[in-house]
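Look at TrEMBL and you will find 211-312 tagged as domain 'Fe2OG dioxygenase'. Summarising the annotation, TrEMBL assigns region 'Disordered' to 347-368.
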């Protein structure tokens with residue numbers, strides 16, 4: 001299996017180069033089957049605020065006022081159970097740091113292609129500058145490029161392969177990663193409390209604060225001449241623990257599957273978008289569930305977003321917490337390491353929720 005992950009099955013095409021070439025019709029490799037296209041005008045317009053995912057004031061979680069703290073915990077629990085997605089404000093990460101980090105990645109993607117190509121990645125680790133997920137030959141491709149890097153545990157961190165240009169990139173990535181990982185630990189604490197577990201149980205299951213797996217993916221979605229035919233990112237649930245997304249405040253693009261329809265998330269200023277990943281679904285024995293989501297593109301504006309994936313250490317077995325298993329609610333998932341679990345996604349690419357659901361009743365990978 002690992003041998004097939006050493007190189008891409010076909011020559012890599014940079015979507016940014018395609019967009020910059022002035023093509024009026026996108027190549028066939030990016031065209032979705034009719035039933036998988038973003039068909040309606042609603043897909044491209046912001047939703048009404050009442051239809052947006054929940055917005056939670058996270059500072060109340062640390063309040064000395066027990067009433068405010070309990071209310072914050074209830075809101076987080078409700079969002080995790082009913083949506084699997086929410087936005088957090090007053091989260092403790094500097095707004096200036098968020099802005100500067102987003103801007104430095106936008107600057108990176110504006111660099112000449114020959115500069116970015118120096119960081120070209122392979123599917124062996126995905127680290128570096130990339131344009132596809134999965135190694136399926138002939139797969140339909142997403143209208144996006146990205147830069148992927150490992151941040152935690154520190155033993156996997158390789159700042160020397162992070163972009164050297166812009167000059168402030170490496171320093172900002174290090175500071176941003178540190179602050180957002182701290183937020184991830186606080187969210188894990190809230191999840192543990194809400195599930196009736198010891199407050200550090202989920203974090204311990206991930207390997208503890210110093211050993212969690214955390215990685216950053218800077219996403220670039222170029223303008224697209226036919227946004228109704230393609231997607232920036234295929235429907236999927238995130239394979240890891242939880243995702244902390246810094247969206248592009250100026251251009252909506254993330255869509256969440258809600259009651260069989262796609263809801264376009266309207267970013268709140270200075271907020272992070274949080275979503276539950278498959279590993280939290282497994283640990284919580286499906287009390288909290290990951291939710292399918294995708295990204296649409298548009299013809300007028302490009303987008304940059306930063307996703308920090310807060311994951312278990314790769315060699316740890318993840319299984320439903322013993323406290324959440326009973327005769328009435330037996331364990332829904334067998335033990336599996338995150339390393340083994342994510343290999344599926346790195347091979348097949350984004351695959352809806354087939355991967356986590358297949359744990360309940362294993363089926364061949366070819367169904368993707």
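Backbone N, Cα and C atoms are what each Cβ position is placed from, and that goes for glycine too.
Summarised as a single figure, the pLDDT of the domain 'Fe2OG dioxygenase' (211-312) averages 95. For the domain 'Fe2OG dioxygenase' (211-312), residue counts in helix, strand and coil come to 6 helix, 44 strand, 52 coil, using DSSP.
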